[in-house]
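> Pasting a structure here, questions to come.
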């Protein structure tokens with residue numbers, strides 16, 4: 001064929017392909033118009049954290065036996081455990097326990113491997129400060145329980161949207177089949 005005719009044919013094919021791509025993008029955009037907004041206005045609205053959320057670590061001083069398992073399993077050797085050996089009771093006596101949350105990666109290994117369960121993960125995730133030295137928590141700061149966002153009347157809690165969709169799907173698809 002003539003080069004001019006083949007040029008027009010390829011131009012027409014490119015035009016049709018571009019129109020198809022634009023149409024597909026437009027359909028995708030229109031499919032999102034009926035959805036609810038996902039944005040959470042953070043200081044005034046907070047999402048409810050999942051059950052196994054890895055937040056700030058809670059420490060119970062009375063349960064700790066100063067075995068230092070938490071230090072050994074920590075990928076960055078973060079917990080600082082100070083203890084002394086008491087000869088009269090023939091055991092270690094815990095003096096100080098601290099964690100620097102400015103360095104912590106919240107992996108949860110210390111909580112998982114603690115033999116006495118003196119460490120636990122809380123739902124607290126608001127740890128930001130202006131001074132990074134304030135993120136170094138000693139045993140007193142670690143023993144404080146977090147304030148529940150459910151009790152604060154100025155904050156509106158929002159359920160996680162994916163979890164609520166799963167709950168709706170399970171309730172609509174649940175049927176009891178009994179074979180007797």
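Cβ coordinates are placed from backbone N, Cα and C, and glycine is handled just like the others.
Note that this is a predicted model, so its numbers are computed, not measured.
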> What does TrEMBL list, out of 74, 118, as binding the same [4Fe-4S] cluster 2 as 104, 107, 110?
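According to TrEMBL, the candidate sharing the [4Fe-4S] cluster 2 site with 104, 107, 110 is 74.
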> Under 8 Å between C-beta atoms and at least six apart in sequence, can you list the same-chain neighbours of residue 67 ([4Fe-4S] cluster 1 binding site), or say none if there are none?
92, 115, 116
> Using only C-alpha positions, which one of 74, 104, 107 is spatially nearest residue 114 ([4Fe-4S] cluster 1 binding site)? These are the binding-site residues in the record.
74
> Per DSSP, residue 110 ([4Fe-4S] cluster 2 binding site) is which: helix, strand or coil?
helix
> Under the DSSP assignment, what numbers of helix, strand and coil residues are found in the domain '4Fe-4S ferredoxin-type' (55-84)?
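Within the domain '4Fe-4S ferredoxin-type' (55-84) the tally stands at 5 helix, 8 strand, 17 coil.
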> Do you know offhand how many angstrom separate residue 110 ([4Fe-4S] cluster 2 binding site) and residue 70 ([4Fe-4S] cluster 1 binding site) by C-alpha?
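Residue 110 ([4Fe-4S] cluster 2 binding site) and residue 70 ([4Fe-4S] cluster 1 binding site) have their Cα atoms 4 Å apart.
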